[in-house]
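Engineer: As annotated in Swiss-Prot:
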type	residues	note
DOMAIN	102-224	domain 'MPN'
BINDING	HIS173, HIS175, ASP186	Zn(2+) binding site
MOTIF	173-186	motif 'JAMM motif'
Amino acid sequence: MEIKEMVTSEMPRERLLSHGAKSLSNTELLAILINTGRKGFLSIDISNELLKSASNLNELKKSSINDLIQVKGIGLQKAITLKAAFELGERMGRRAENNRIKITQPSDVADYMIPTMKDLTQEHFVILLLNSKNVVIKESCVFKGTLNSSIVHPREIFSIAVRENANAIIAVHNHPSGDVTPSQEDIITTMRLKESGLILGIDLLDHIIIGDNRFTSLVEAGYFDEND
């Protein structure tokens with residue numbers, strides 16, 4: 001029995017096409033790499049056995065060709081395919097790590113975000129998620145349109161930060177007019193996020209407003225001072 005005998009909607013390839021790769025389990029992703037099963041086993045069964053052979057994915061990627069072919073259903077060609085996929089993933093991970101930006105001052109944020117935000121014709125509200133070393137681990141656009149403090153919910157923003165295990169966040173949004181003067185709504189939104197961050201233990205480090213090759217840091221402008 002091979003994977004083609006499964007109900008079409010349940011096949012890993014079909015699920016990937018319908019719902020995206022992120023919706024698939026580790027077992028299903030490996031089954032796609034394994035491609036075909038062997039007599040009496042679906043590729044999904046072989047994938048399960050493969051995962052059982054190592055304590056976790058990190059250990060599995062360290063497996064040698066000889067280790068992999070010890071798993072029933074994994075021949076030399078499948079082992080080579082898996083090893084190549086593991087190495088490619090490792091290289092991509094190293095490259096992503098090397099490309100991450102460390103934030104040490106507001107101008108670092110501006111240099112990072114101005115190229116993508118300065119020409120936008122609509123306001124975009126983005127959060128940068130940082131680890132404990134102030135390295136950007138992810139950016140997420142949470143809102144598009146005219147900024148309104150009643151629309152930008154701290155709950156939505158910090159749920160993303162919690163999900164990504166962020167240590168701190170920086171808010172960034174653009175002014176299509178090019179004027180980087182903070183509006184009253186900008187200030188209110190900043191204060192709400194700052195207060196929520198203090199409660200949750202995820203600091204809002206700054207709010208940067210991007211204009212036409214210019215920026216304003218609300219920290220540098222004094223809005224984060226304890227007396228404000």
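Including glycine, each Cβ sits where the backbone N, Cα and C put it.
Buried or exposed, and what's around them? Tell me for each listed feature.
Structural biologist: Under DSSP, HIS173 (Zn(2+) binding site) is assigned to a strand (E or B) in the three-state scheme. Take the CB of HIS173 (Zn(2+) binding site) and look out to 10 A: across all protein chains shown you find 24 other CB atoms.
Listed as Cβ neighbours of the motif 'JAMM motif' (173-186) (distance under 8 Å, sequence separation of 6 or more from its ends, same chain) are residues 117-118, 120-126, 147-149, 207-212, 214-216, 218, 221, 223.
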Engineer: Counting every protein chain present, what is the number of Cβ atoms, excluding its own, within 10 Å of the Cβ of ASP186 (Zn(2+) binding site)?
Structural biologist: 21
Engineer: Any same-chain residues 6+ apart from HIS175 (Zn(2+) binding site) with CB under 8 Å of its CB? Would you list them in sequence order, or say none?
Structural biologist: GLU123, ILE209, ILE210, GLY211
Engineer: Would you mind giving the whole-number mean pLDDT across the domain 'MPN' (102-224)?
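Structural biologist: Mean pLDDT across the domain 'MPN' (102-224) comes out at 92.
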